[in-house]
Amino acid sequence: MSFDYLWQGFAVALTWQNLLIGFIGCFIGTLVGALPAIGPINGIALLMPIAYSMGLPAESTMILLAAVYCGAEYGGRISSILLNVPGDAGAVMTAMDGYPMAKQGRAGEALALSGISSFVGGLIGTIGLALFAPVLSGLAIGFGPAEYFVLMIFAFATLGSMVGSQPVKTLIGCVLGLMLATVGLDATSGAYRFTFAEPELGDGIEFVVLVIGLFSISEAMIILEHQGKGVTVIRELGRMTARWADLVRSTGATIRGSLIGFVIGVLPGTGASVSSAVSYTTEKRISDSEGTFGKGDVRGLASPEAANNATACGCFVPMLTLGVPGSGTTAVMLGALMLYNIQPGPMLLTERPEVVGGLVASLFVGNFILLALNLPLVNIFARVLTVPNWLLVPGILVLSVIGVYSTNASVFSIFLMLGIGFVGWLLRKAGFDMAPIILGFVLGRVMEVNLRNALAISGGDISILFGSTISIVLWIMAAGVAFLPLFLSRRAKRRMRAMTVADPALD
Amino acid sequence: MSEAHSISPRTARLIGRVSAIILLLLALAYGLGGSVIEYAFASDPLGPRVFPIALAVVLGGLGILYFLSPGTAEGFPHGALLARVLAIPALLAISVLLFEPLGFAVSIFTLTLGTALIFGAPPVKALIGAVGHAVLWWFVFGYVLEVYLPAGTVFGG
């Protein structure tokens with residue numbers, strides 16, 4: 001195992017251009033996180049095509065998008081604490097104790113303390129990523145097509161069992177994504193599939209079109225529906241620094257939250273909404289002896305905030321080493337790599353060490369930038385919460401149109417985006433999440449190609465899918481994850497569901 | 001982002017059942033479409049048909065499970081709110097039609113003005129906002145980032 005990639009990465013991340021890009025990303029990310037109307041997926045979906053058409057190199061684009069992702073996990077706490085409305089799905093639990101603190105006139109303290117927890121979580125997550133990426137990538141070099149196929153099965157099993165409260169809908173979302181991925185030219189046989197003789201569909205549905213349609217267009221419609229719920233921003237921030245006693249008191253919670261967050265991040269498909277809920281409930285069970293959780297306990301604030309930042313970093317582990325995204329947002333970033341014709345997988349670290357290393361190194365740098373942005377400047381971000389929707393949403397729509405148009409200058413694509421956005425809205429109304437669709441789409445081609453390659457190797461004998469120790473272990477893990485909810489006691493399950501209230505699609 | 005409307009279990013069930021039926025029809029159409037894909041040669045034992053057919057089968061199975069236990073749904077808005085929500089994609093479609101003939105600036109102005117009004121902005125503020133949006137985004141993308149944007153064919157762009 002070697003960390004050469006990391007030193008090489010620091011050389012990439014510490015150039016002036018990439019430092020500036022990282023800073024801009026952190027700033028935009030914090031804004032995106034703070035605004036309840038847009039979450040990290042929307043932010044990244046809108047920035048990705050713009051970065052690409054500006055001609056940024058792959059590593060700079062990844063640094064930008066990673067900075068936005070981590071920044072959003074920081075920013076989400078601002079509206080949770082000041083509005084009692086989570087800025088993104090990972091910040092739902094932050095409101096449980098953060099908002100009561102704000103109502104007691106301790107908003108400034110809550111913001112400072114949660115900023116520090118975010119920092120610790122992000123740092124622990126990044127260290128975990130730097131350590132684990134080479135290990136996992138080394139293991140995965142032994143993967144053949146059959147093992148890959150089973151790995152995807154494992155990813156979908158995890159997704160179905162951990163994300164959202166309705167596993168059937170999550171899995172339907174995955175299948176819809178897989179189906180969308182089959183549109184276009186089939187490279188192995190030269191057949192056009194589901195293109196309806198439309199030449200613009202020959203290369204398949206563009207990733208940018210799908211992501212922006214599902215997340216931005218449908219989101220604009222949802223924002224309108226939810227508008228006018230009468231929320232008020234708490235303006236009395238009080239003391240702006242964390243108390244030493246509170247920091248000491250919450251240290252255990254922060255570290256436990258970070259570790260839980262990182263592990264959940266590494267699991268394929270499960271993002272910050274899951275990890276912050278699990279860490280909060282765990283912390284409550286461990287520390288809440290006086291029943292102060294939910295009434296402004298600093299430990300209940302620190303734990304989920306540390307967890308959601310650690311998760312954001314952990315999510316990069318499977319994405320960079322296996323090509324399987326750790327969350328909805330990393331699924332979008334995987335799509336961004338594909339825009340650059342970079343095939344993610346275990347070879348990524350050896351073939352493009354500057355991309356992987358640059359990203360990991362930029363996360364270290366970005367965490368310090370974010371801490372600096374989020375402690376003294378939190379007031380500025382808090383003011384952004386007062387930007388009215390009628391000014392904000394048109395901006396989202398303009399960016400959607402430009403984003404899609406800039407990648408291929410086609411009006412057909414914009415209409416396709418619009419159609420997808422409308423269907424996405426219908427699905428959301430019926431209680432579906434959008435993230436599984438994206439995950440299915442991103443994994444679709446890889447899954448099919450690996451299945452077909454595996455069967456080509458074996459001459460059509462499906463026993464190859466069970467032919468190696470790695471694949472048998474993966475099958476067992478998939479089965480284990482799929483049946484895990486059944487083993488959890490009914491009570492714990494019900495509590496978990498009550499906690500995981502918000503839209504898990506948005507992390 | 002939390003549950004917006006609380007709808008009755010009956011409505012939720014109805015939405016779930018209808019969605020399940022649509023998904024089952026989709027599985028059927030997709031599976032049939034997949035089984036007639038034409039190809040000249042196959043370099044692997046599966047060919048281009050099997051994966052789509054397998055997906056159709058899985059979707060069919062999941063669709064039946066969904067039909068049997070529809071779970072919860074968020075539900076649709078009613079009346080005037082529904083009309084305003086649907087006006088967003090309609091407005092977007094109109095602006096996109098204007099995009100190439102009348103150019104970026106006019107199209108974006110229409111889109112941002114219309115959206116602001118749909119979101120209930122006072123008309124004067126909406127107008128100022130729309131001019132601001134058109135100028136801002138034209139400046140950012142056209143000048144600073146040099147992204148290609150149509151100037152409008154009627155203006156000789």
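For all residues, glycine too, the Cβ spot is worked out from N, Cα and C.
Caution: TrEMBL annotation is automatic and unverified by curators.
What TrEMBL records for A:19-439 is domain 'DUF112'.
Tertiary proximity for the transmembrane segment (A:20-47) is limited to same-chain residues at least six positions away from its ends with a CB under 8 Å from its CB atoms, namely 13, 56, 60, 63-79, 83, 85-89, 91, 208, 211-212, 215-216, 219, 223, 328-329, 332-333, 336, 362, 365-366, 369-370, 373-374, 381-382, 384-385, 387, 389, 392-393, 396, 399-400, 403, 434-435, 438, 505-507. Taken from TrEMBL, the feature transmembrane segment covers A:20-47 (among others).
Beyond the transmembrane segment (A:110-133), the same-chain residues lying 6 or more positions past its ends with a Cβ under 8 Å from any Cβ of the stretch are 3, 6, 70, 73-74, 77-78, 81, 94, 98, 101-102, 237, 240-242, 246-247, 250, 253-255, 257-259, 261-262, 265-266, 298, 301-303, 305-314, 316-317, 320-321, 349, 356, 360, 363-364, 366-367, 370-371, 374-375, 378, 382. As annotated by TrEMBL, transmembrane segment applies to A:110-133 (among others).
Listed by sequence, the residues of this chain that lie at least six past the ends of the transmembrane segment (A:139-159) yet keep a Cβ under 8 A from its Cβ atoms are 170-171, 174, 267-270, 318, 321-322, 324, 345-347, 436, 439-440, 443, 446-447, 449-451, 453-454, 457-458, 464-465, 467-468, 470-471, 474-475, 477-479, 481-482. Per TrEMBL, transmembrane segment is recorded for A:139-159 (among others).
The transmembrane segment annotation in TrEMBL covers A:171-192 (among others).
Here TrEMBL flags A:204-224 (among others) as transmembrane segment.
Residues 40-41, 44-45, 48-49, 51-52, 58, 61-62, 65-66, 69, 136, 140, 143, 151-152, 155, 207-208, 211, 265-272, 311-312, 314-316, 352, 355, 407, 434-435, 438-439, 441-443, 446, 505-507 of the same chain sit 6 or more residues outside the transmembrane segment (A:322-343) yet have a Cβ under 8 Å from a Cβ within it. Look at TrEMBL and you will find A:322-343 (among others) tagged as transmembrane segment.
Summarising the annotation, TrEMBL assigns transmembrane segment to A:355-375 (among others).
Positions annotated as transmembrane segment by TrEMBL: A:387-405 (among others).
TrEMBL lists A:411-427 (among others) with the feature transmembrane segment.
Here TrEMBL flags A:463-488 (among others) as transmembrane segment. Within the chain, the transmembrane segment (A:463-488) has long-range Cβ neighbours (under 8 A, six or more residues past its boundaries) at 142-144, 146-147, 149-151, 153-154, 157-158, 160-162, 167, 454-455, 457, 496.
Averaged across the domain 'DUF112' (A:19-439), pLDDT for the predicted model comes to 89.
Between the transmembrane segment (A:387-405) and the listed ranges A:171-192, A:204-224, A:355-375, A:411-427, the one holding the most Cβ pairs under 8 Å is A:204-224. Same-chain neighbours of the transmembrane segment (A:204-224): 37-38, 41-42, 45-46, 48-49, 180-181, 183-185, 332, 335, 338-339, 389, 393, 396-397, 399-400, 403-404, 407-408, 413, 416-422, 424-425, 428, 434, 437-438, 441-442, counting only residues six or more beyond its ends whose CB sits under 8 Å from a CB of the stretch.
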